[in-house]
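J.: According to TrEMBL, the protein carries these features:
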BINDING   ASP261, SER262, SER263, GLY312, ILE313, GLY314  NAD(+) binding site
BINDING   GLY314, GLY316, CYS319  K(+) binding site
DOMAIN    103-163  domain 'CBS'
DOMAIN    167-225  domain 'CBS'
Amino acid sequence: MAQFYKEPSRTFNEYLLVPGLTTKEMTVENVSLKTPIVKFRKGEEPPLSANIPLVSAVMQAVSDDNMAVALAKEGGISFIYNSQPVEEEAAMVKRAKTYKSGFVRSDSNLRPDQTMQDVVDLKKRSGHSTIAITEDGTAEGKMVGMVTSRDYRVSRMDPSTPISEFMTPFDKLITAPDGCTLSEANDILWDNKLNAVPVVDDNQRLTYFVFRKDYDAHKANKNELLDAHKSYIVGAGVNTRDYEERIPAVVDAGADVLCIDSSEGYSEWQSECLAWVRKKYGDDVKIGAGNVVDKEGFYYLAEAGADFVKIGIGGGSICITREQKGIGRGQATAVIEVAAARDEYFQRTGVYIPLCSDGGIVYDYHMTLALAMGADFLMMGRYFARFDESPTSKLNVNGSYVKEYWGEGSNRARNWQRYDLGGDPRMKFEEGVDSYVPYAGSLHDNVNLSMTKVKSTMCNVGATSIRDLQENAKITLVSATSIVEGGAHDVILRDTSQGGNR
Ligand SMILES: NC(=O)C1=CN([C@@H]2O[C@H](COP(=O)(O)OP(=O)(O)OC[C@H]3O[C@@H](n4cnc5c(N)ncnc54)[C@H](O)[C@@H]3O)[C@@H](O)[C@H]2O)C=CC1
Ligand SMILES: O=c1[nH]c(=O)c2[nH+]cn([C@@H]3O[C@H](COP(=O)(O)O)[C@@H](O)[C@H]3O)c2[nH]1
Ligand SMILES: [K+]
């Protein structure tokens with residue numbers, strides 16, 4: 001006879017935290033969100049920790065090199081998506097690893113024979129007013145000049161005026177030499193009262209820009225997550241098919257931690273992949289596995305050698321796996337059960353395996369709940385897709401700004417495959433949707449607000465670390481009517497747009 005669970009599985013929305021004693025030292029400034037990412041032995045330091053408990057999802061619409069840098073600056077980690085050719089994923093990892101803080105690749109470039117109209121159009125698209133003029137119009141071409149808003153007047157000039165007539169030519173530009181440090185570039189900015197300085201190599205090729213505003217921003221990041229060589233920590237997604245090719249490529253490119261990306265990780269494919277990594281790299285390469293939703297899945301991956309275990313089937317905002325295949329489990333129940341198994345495993349073996357709760361986080365308080373239930377860090381897709389730094393287009397739909405966001409199981413994501421993986425194409429079905437999410441601004445602002453809320457809740461609970469929260473939180477189920485009681489009720493809202501990311 002099939003096994004039946006006695007209780008229904010539940011979601012984060014069905015729980016609340018009950019406050020504990022808040023002492024006077026428990027202030028937001030005194031809360032640490034530092035958290036282990038990979039397994040460690042009792043009493044030892046984890047080989048890799050993050051400064052905030054957030055990682056971005058292994059998805060085309062979320063985690064590219066740009067997101068990886070932006071999130072590492074705040075103390076979290078991106079897992080760059082593997083639904084792309086091996087070389088392209090490795091190149092993204094490498095770009096993020098070799099990113100030099102404060103040195104940005106120019107995203108606005110034109111050729112000297114293009115026109116003022118092209119300048120106006122580009123500025124509208126990119127929102128940036130510093131434009132590099134290179135021979136071939138690329139970000140690494142031979143630099144021949146530069147255009148800023150001070151160089152042209154839209155109201156007075158013919159839109160077809162060639163750029164070469166109004167740009168500041170190269171011989172009049174102040175530049176910095178390739179290989180200079182950020183503080184040297186910054187001195188050049190200040191000495192010459194510039195807002196931006198192009199960095200060029202011996203062949204007059206543009207390599208980067210350094211902007212004055214970025215230098216100021218850079219100084220503010222006390223949480224940034226760096227390796228021993230001061231490069232940002234970067235993760236990479238891998239799969240259980242082409243790992244013998246993909247893993248060496250992303251490891252060589254500098255990936256600090258890998259994650260097997262699958263909807264369902266309780267499989268021999270994953271244990272074979274983990275065994276292959278251990279045979280080839282020993283413990284030097286860190287790799288998480290998943291996704292699982294019960295203790296059996298956790299024990300299987302723990303024994304197979306996973307460095308962390310990821311939890312969640314079907315709870316993601318773009319997921320339709322539960323509808324399509326009827327597999328999955330309420331995310332809160334899955335986290336609670338797997339965390340109990342992890343704690344038991346730790347007691348028994350002295351090895352602590354961090355858990356990642358993946359998908360289904362809607363409100364900021366869901367983050368605190370997932371951590372209190374035993375997760376060590378959280379993977380999110382929708383949350384990060386809304387920010388400037390996500391790789392997708394920002395669009396204006398019916399007067400509101402949105403960003404595109406699509407599931408890895410949608411046809412849109414799957415179309416990258418150049419080769420057929422076999423099977424009858426008519427038998428393929430989608431497990432994810434293609435959607436929009438409301439545009440929310442910069443990652444920095446949003447992550448800081450969310451983390452302040454999490455810390456503030458932790459103070460209410462009486463915890464100044466994630467470990468404290470996991471050990472001492474009091475969590476209650478809520479009835480359907482108490483959920484109604486928890487929202488604004490029995491009043492007429494003056495502004496119906498109130499709410500949002502609570
Ligand atoms: N967390 C979630 O609830 C869900 C996530 N997704 C996302 O969609 C993407 C694709 O996920 P999946 O379809 O689960 O990918 P997958 O590659 O893990 O699995 C696809 C199918 O291939 C099989 N398979 C795996 N390795 C194999 C090998 N070496 N040889 C032969 N067959 C093999 C699996 O058993 C499964 O039937 C991932 O990014 C995943 O995160 C999709 C659905 C749900
Ligand atoms: O059923 C699914 N079909 C898909 O196409 C799909 N793509 C991603 N994922 C999973 O959803 C997670 C992100 O969830 P959120 O947007 O809720 O943060 C991700 O981290 C994945 O675990 C998918 N699940
Ligand atoms: K399975």
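Any Cβ shown, glycine's included, is placed from N, Cα and C.
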J.: Considering only the binding-site residues SER262, SER263, GLY312, ILE313, GLY314, CYS319, which possess a Cβ situated under 6 angstroms from at least one atom of ligand 3?
T.: none
J.: In sequence order, which residues at least six apart in the same chain have a CB under 8 Å from the CB of GLY312 (NAD(+) binding site)?
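T.: Looking at Cβ-Cβ distances below 8 Å from GLY312 (NAD(+) binding site), excluding near sequence neighbours, one finds GLY290, ASN291, VAL293, GLN331, ALA334, SER357, ASP358, GLY359, GLY360, MET379.
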J.: Could you tell me which of these binding-site residues, SER262, SER263, has the greatest number of Cβ atoms within 10 Å of its own Cβ?
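T.: Result of the Cβ crowding comparison: SER262.
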J.: Whole-number Å only: compute the distance from the Cα of ILE313 (NAD(+) binding site) to the Cα of CYS319 (K(+) binding site).
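T.: Cα-Cα, rounded: 9 Å.
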J.: Among the binding-site residues ASP261, SER262, ILE313, GLY316, CYS319, name every one whose Cβ is found under 6 angstroms from ligand 2, counting any of its atoms.
T.: GLY316, CYS319
J.: C-alpha of SER262 (NAD(+) binding site) to C-alpha of GLY316 (K(+) binding site): distance in Å?
T.: 13
J.: Which residue counts does DSSP yield for the domain 'CBS' (103-163) in the helix, strand and coil classes, in that order?
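T.: Across the domain 'CBS' (103-163), the residues distribute as 15 helix, 16 strand, 30 coil.
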J.: Neighbourhood of the NAD(+) site (ASP261, SER262, SER263, GLY312, ILE313, GLY314): other residues with Cβ within 8 Å of the Cβ centroid, in order?
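T.: For the NAD(+) site the neighbour list reads GLU264, GLY265, GLY290, ASN291, LYS310, GLY316, CYS319, THR321, ASP358, GLY359.
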J.: Translate the DSSP assignment of ASP261 (NAD(+) binding site) into the three-state scheme.
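T.: Assignment for ASP261 (NAD(+) binding site) reads coil.
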J.: Within the same chain, and leaving aside GLY314, GLY316, CYS319, name every residue whose CB is within 8 angstroms of the centroid of the CB atoms belonging to the recorded K(+) site, in sequence order.
T.: SER263, GLY312, ILE313, GLY315, SER317, ILE318, ILE320, THR321, ARG322, GLY328, GLY359, GLY360, GLY407, GLY432
J.: Which number gives the other C-beta atoms within 10 angstroms of the C-beta of ASP261 (NAD(+) binding site), all protein chains shown included?
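T.: Its Cβ shell of radius 10 Å holds 25 other Cβ atoms.
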J.: Return the residues near GLY316 (K(+) binding site), defined as same-chain residues 6+ apart in sequence whose C-beta is under 8 angstroms from its C-beta, sorted by sequence, else 'none'.
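T.: Correct list: ALA57, ASP358, GLY359, GLY360, GLY381, ARG382, GLY407, GLY432.
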J.: So of ILE313, CYS319, which of the binding-site residues has the fewest other Cβ atoms within 10 Å around its own Cβ?
T.: CYS319
J.: Have a look around GLY314 (NAD(+) binding site) and count the other CB atoms within 10 A of its CB, chains all included.
T.: 25
J.: Looking only at the domain 'CBS' (167-225), what is the model's average confidence as pLDDT?
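T.: The predicted confidence over the domain 'CBS' (167-225), as a mean pLDDT, is 88.
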J.: Looking only at the domain 'CBS' (167-225), what are its DSSP counts of helix, strand and coil residues?
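T.: Each residue of the domain 'CBS' (167-225) counted once, the result is 21 helix, 16 strand, 22 coil.
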